[in-house]
């Protein structure tokens, strides 16, 4: 959807090439809607201050849990650059919040059959707990998909006319060609340039301040996530001509479903490269002699993953006790692997589902209730040492 008012948008935030920094206009006096929103969110701020612990070493991920409509100065863990962008672009922060929820859902989908299943912690402003403190391949995946989620959400919001500072991609103009022949750029191409630019400015801001080995790792994986979204842009076209002869085509670029990005990054996780920082701290080298060097599309990590089989609060592992597993599967969702050899309990449960649905004119669908009894298998907890005093 191409929104009117392009000249006004250009005045607020000129669209430049992807390498250009995100321009920041001088803050204007808040209008009535913004002022009322700030007043209405004072209650949310109070709740935030009451529920969060005193330590606020966290990240922008919490925006997805809080929602973007918060007072930017009081979101824990934002660095000054992120606060500036939050204050000046509150509508984009709404997209950042939506993107955070989207990538967390995707992370949980990708690892639903894994010992570590991307569990978020309620009332924990770090979102994932201590597990992200380790520079593991799980941390590499989370940073990559979080960056990708922001790009995807902002890009989509631009072309749907939800943001005042961007609209359709201004670079897809004129004639072009592909394997099928020539076509004209038209319609509303998704503005991936703006999405990547803003995501880089906002998400990378904290890591660019720190400038240590972990920050270097995070920046690399953030870039992998942004690149993954761009990788799956697709060309959509409409034919023009007599009886659909397609003598002329009008085409535009569109985002693919975020699942494709998630699937790709999961494959990158499986092939992630263990590295170590060079002495000058400016690059990576292979962690051990004989290991392959990381490329720009590889996820990288420093540390081996903790043992996710057992509860380990210090490492952030929740263990697999109580996790549902498949008795017949030989994969990571199978009881043998998921339960780490501890065995499993079986519970017989009755599930009620709708079945034999029929359409009745007009206009209703009526279904019967069907009851199915199934066996649910859950992992046993680790046995306590026999020498421990049980009294």
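Each Cβ is built from the backbone N, Cα and C atoms, and glycine gets one as well.
Feature list (source: Swiss-Prot):
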type	residues	note
DISULFID	107-118	disulfide bond
CARBOHYD	117	N-linked glycosylation site
DISULFID	158-166	disulfide bond
DISULFID	168-188	disulfide bond
DISULFID	237-251	disulfide bond
DISULFID	239-246	disulfide bond
LIPID	243	O-palmitoleoyl serine
CARBOHYD	283	N-linked glycosylation site
DISULFID	309-340	disulfide bond
DISULFID	325-335	disulfide bond
DISULFID	339-379	disulfide bond
DISULFID	355-370	disulfide bond
DISULFID	357-367	disulfide bond
DISULFID	362-363	disulfide bond
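Everything Swiss-Prot records as a feature, shown here on the structure.
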residue: 107; record: disulfide bond; Cβ within 10 Å: 24
residue: 166; record: disulfide bond; Cβ within 10 Å: 27
residue: 188; record: disulfide bond; Cβ within 10 Å: 19
residue: 239; record: disulfide bond; Cβ within 10 Å: 12
residue: 243; record: O-palmitoleoyl serine; Cβ within 10 Å: 5
residue: 251; record: disulfide bond; Cβ within 10 Å: 19
residue: 309; record: disulfide bond; Cβ within 10 Å: 19
residue: 335; record: disulfide bond; Cβ within 10 Å: 24
residue: 340; record: disulfide bond; Cβ within 10 Å: 19
residue: 367; record: disulfide bond; Cβ within 10 Å: 11
Round to a whole number and give the Cα-to-Cα distance in Å for the pair residue 335 (disulfide bond) and residue 357 (disulfide bond). 34
Once the chains shown are all counted, how many other Cβ atoms turn up within 10 Å of the Cβ of residue 339 (disulfide bond)? 23
Here the Cα-Cα span from the residue listed as 'O-palmitoleoyl serine' to residue 339 (disulfide bond), rounded to a whole number of angstrom, reaches 61
From recorded positions 166, 283, 355, the one whose Cα lies nearest residue 246 (disulfide bond): 166
Minimum Cβ neighbour count within 10 Å among the disulfide-bonded residues 158, 246, 357: which residue? 357
If you count other CB atoms within 10 A of each CB, which of 168, 237, 355, 363, 370 wins among these disulfide-bonded residues? 168
C-alpha of residue 339 (disulfide bond) to C-alpha of residue 251 (disulfide bond): distance in Å? 51
Given the glycosylation sites 117, 283, which one has the fewest other C-beta atoms within 10 angstroms of its C-beta? 283
Which residues, sitting 6 or more apart from residue 118 (disulfide bond) on the same chain, put a CB under 8 Å from its CB? 104, 107, 108, 110, 111, 128, 142
Check residue 246 (disulfide bond) against DSSP and tell me helix, strand or coil, would you? coil
Between residue 309 (disulfide bond) and residue 117 (N-linked glycosylation site): CA-CA distance (Å): 12
Cα-to-Cα gap, residue 166 (disulfide bond) vs residue 355 (disulfide bond), nearest whole Å: 47
Whole-number answer please: how many Å between the C-alpha atoms of residue 237 (disulfide bond) and residue 362 (disulfide bond)? 37
